[in-house]
Ligand SMILES: [Zn+2]
């Protein structure tokens, strides 16, 4: 394996070959290559994205040496985009690196179609009105967009994509798909071949806990009018029932059954969030629908028909104490069912594709299989247009954040980050940026922020003086440590978006270097 | 925009960075750009290809060079006017003593293993220097602050000890793939290619213990002039055939277990003239030893493919042959290295053949490598975030801004709408044996265990001492160091082999031992309790140390959603997510130790900071939440409470 993959070994273990291939096919555009932008792109170049295009019209100044690692004294006076691009190219020669010496602000105005060529645009350090314009351009061109900005000890990251569907959401913890209280016929029949009261201690000790629970759940239901334990007392009673079946204290399988007993009480059928996805109007597919929604449409049919209210079975099975033979047998039962479910899903997908006038084979078997395996974990993320959020945020939400002590810093910075742009539009500089009279700057910023809040229909009294002073003290400086953090977070979200794995963050992420409380605000 | 005071604190600071890996590269750059002027950096490692996806100061052309030195040069190239002092050395070397540590204002850890972290913690405590500790795994990371007397030290919460397996599970009754990997790596590979003088439990003990051990020793030696093909098959048949037959003869073992199946090479790969020519030709092309590969010579390309028993057997024989034909000089000195392609191939194949014998599912090379190398996921993004947080924390420490110290956890999935989770540092644990003087209790069979067992299994492995000294009252039982007289060395060596109760100053129930590490300036006392019997499965050490903590709950054998390594994505869950940058971590049991304040946190149903440290534990909590019916709402619904509690 003396191939380039060795370099990516550690990350392949996170997102797999498919994720890596998606990265390698992507083309990323960076707007402004100050420290925030450079750091974001550095992480992506290391990860092996296909190509990068750095857009920045400025020249390297002495001041840049203080916060941007990718420029040095010898590059002062030269194009910043060129210098940063050269540094990045050196990090990974598999990446195609290009630069364009032009101000992104000008490009947004003069050449909006420029952005359509990219998979994703990372827009850093843009002011509000330019963000809104770019947002519309990218939305229309169906290009993913992520904003990142560092400002003193604060900063934000926000994704803007019309819709992002995730099949492999890889949640931290998820209940195994065991169907303990709703076994399919073959599993039920298999369970019936066991006798929990067997006299053979070896058999007793090696009955997998899944079987124990299926049988006891059934027994319970039989004795309780078909209803499973629901109250605390009943659940305890159910555990005691398991315990009573033990014939020796070292029976790990029974201990496992007790620990897992709560899995019996899990609701049958699909989760509310999956219900919401199959109820989405996009699940009514037509020839323009994406593959994802075609798959969802098939899933919806499956759940209503063959699935009997359940999604396709996941093939895998957790470890458990059991004889190897029984374990393998159980595994076979599951993989047979999973395979059967997959075949039904495949048929439904092909039929739907045909119906909407697409090539029935245009979605691969492998994709359908992955979809089936992850059917219970699907996620759909949608992001509002920047303009909608900025001009008419949900006033109620905003007011709620403003009065919630837990969010006061985050929402304060959110408002102030917007207020400084208004400030800059009015006074041609950011508060505290130059050696002006600090007190005057502070009171101007306060007025600006309060009037911004008033425009949004909110009361400004919740903004603290401290935070306003702090903001003026920042003087629009881009600190390297903060840029590294914001850039790290932005690049992480880019990876989630491009690999279509994990769930990207929703809302606006606000970093606070004061208390590290870094929250997501949802409007 | 930094205040004057802040700037002068940064400029005047002398900083020690330990580790120049994933976090270290980011950290050094961020320090340089945040105004730090005097940075010292220790790292014993050299650069590997698999570092290049995140350790951005290194290039392909640097592979094999010192990380500390290359990192220094790379940063100086861009920022020539700061002082960076590199040490290509182990932080545990005696030159890095308490006096060395005392010269720094703050120590920043970007380490990849528990041992070194504990060592640095002790030196920081002894020298009274603040420590900022960090670690990342995949998208998870954390930064914590440790100030003597003010906050908990790195060891106030006992760290999960490296996972150990009972010897008999590995040698005769494996039930999971990881057992086969441990066998292939630590026994078979070590026996064939490593130091011949090391103790090794590879050979199965037959029911009659008298079976000629002398003879079986020789089995692994390649006889003079022995054809390599013949030798390979002989080894194969011995370990996968004969040894299994021998094990099967221990009827008692199999009463409750499935009997393994002996495998002989001729049944898998019929003996016939092998098409050596083709293979030879291909191998000759590959000049450099790191590119020698059995996969390549057999035309297997994808490391993620699952090989059949036949393919595994072919790889096994081919890899063995390649070691003897292309890397003969190294034989006798090899230790398993996850970046050694041929070694990974050999271990994967051997583990799979054994797994197949015991009816355990086989794994791909990619997966096996992850398990064998205890490889932790690593990506540039998390390291960048963590390094930024370290610097912000270090600046607070330099300004003595105690009320704003935070431990920060970086999450993979937002919890409570947070991606970064700040937590106020805890107070020192009053019963921590490292930063307070709490005696420990050791249960041990004083008539059966030797001093050596005590030194290896407790003093070094559990207490993490590097250069220990053991005293009973005023008499010295054991000591290491360069300045010992010859007779002392001989004396201590003799003591090591003695049973505790037969030492010159006998150690029996009721004895109080003093154990000290002069380099770490750590001293603790151990109350010895005599105990005859230990459970081989649950207490494989044959002794139990307790005191500052409850012993870690012993992993349930036979089950283990937590230690099977069934897929590589699981590996991270089996390892402690808290601390690993990359490399060298050992498989660690998933339970996180009981923690002083954990009780109040977990009473709030779902804890944030402490529980996410370990996904497996989070799962466990999930399972405990059954009575509340809220198994699905784990994302910290009620963690508000826990946070408020802590802030009081
Ligand atoms: Zn402590």
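Using the three backbone atoms N, Cα and C, a Cβ is placed for every residue, glycine included.
Because TrEMBL annotations are produced automatically, they should be read as predictions rather than curated entries.
These figures come from a predicted structure and were not determined experimentally.
According to TrEMBL, the ATP binding site annotation covers B:19-24, B:43, B:51-54, B:67, B:112-117. In the three-state DSSP assignment, the secondary structure recorded for residue B:112 (ATP binding site) is coil.
The DSSP secondary structure for residue B:156 (Zn(2+) binding site) is coil. Summarising the environment of residue B:156 (Zn(2+) binding site), the number of other Cβ atoms within 10 Å of its Cβ, over all protein chains shown, is 24. As annotated by TrEMBL, Zn(2+) binding site applies to B:153, B:156, B:432, B:435.
DSSP assigns residue B:168 (active site, glycyl thioester intermediate) to a helix in the three-state reduction. Annotation comment: TrEMBL describes B:168 as active site, glycyl thioester intermediate.
The region 'Disordered' annotation in TrEMBL covers B:203-224 (among others).
Per TrEMBL, the feature compositional bias 'Low complexity' maps to B:206-216 (among others).
Annotation source TrEMBL lists domain 'Ubiquitin-activating enzyme SCCH' at B:319-369.
Marked as region 'Disordered' by TrEMBL: B:597-648 (among others).
The feature compositional bias 'Low complexity' is assigned by TrEMBL to B:600-611 (among others).
Among the features that TrEMBL reports, compositional bias 'Basic and acidic residues' is placed at B:614-624.
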- Of B:112, B:168, B:435, chain A-adjacent recorded positions (C-beta under 8 angstroms): none
- Take the C-alpha atoms of residue B:19 (ATP binding site) and residue B:435 (Zn(2+) binding site) and report the distance between them in angstrom, rounded. 23
- Spatial neighbours, same chain, of residue B:53 (ATP binding site) - Cβ under 8 Å, 6+ residues apart: B:378, B:379, B:380
- Query: Do you know which of the recorded positions B:22, B:53, B:115, B:168 end up with C-beta under 6 Å from ligand 1?
  - Reply: none
- Item | Environment of B:153, B:156, B:432, B:435, the listed Zn(2+) site - residues of the same chain whose CB lies within 8 A of the CB centroid | B:125, B:152, B:154, B:155, B:428, B:429, B:434, B:436
- Item | Model confidence over the domain 'Ubiquitin-activating enzyme SCCH' (B:319-369) (mean pLDDT, whole number) | 91
- Query: What are the DSSP helix/strand/coil residue counts across the domain 'Ubiquitin-activating enzyme SCCH' (B:319-369)?
  - Reply: 33 helix, 0 strand, 18 coil
- Item | Neighbouring C-beta atoms (10 Å sphere around the C-beta of residue B:168 (active site, glycyl thioester intermediate)) | 16
- What is the total of other Cβ atoms whose distance to the Cβ of residue B:115 (ATP binding site) is within 10 Å? 18
- Query: Rounded to the nearest angstrom, how far is the Cα of residue B:156 (Zn(2+) binding site) from the Cα of residue B:168 (active site, glycyl thioester intermediate)?
  - Reply: 33
- Message: Within its own chain, what residues at least 6 apart in sequence put their Cβ under 8 Å from the Cβ of residue B:43 (ATP binding site), listed in sequence order?
- Response: B:18, B:19, B:20, B:21, B:24, B:66, B:67, B:68, B:71, B:86, B:87, B:88
- Does anything in the same chain, at least 6 positions from residue B:153 (Zn(2+) binding site), have a Cβ under 8 Å from its Cβ, and if so what? B:121, B:125, B:146, B:428, B:429, B:432, B:434, B:435
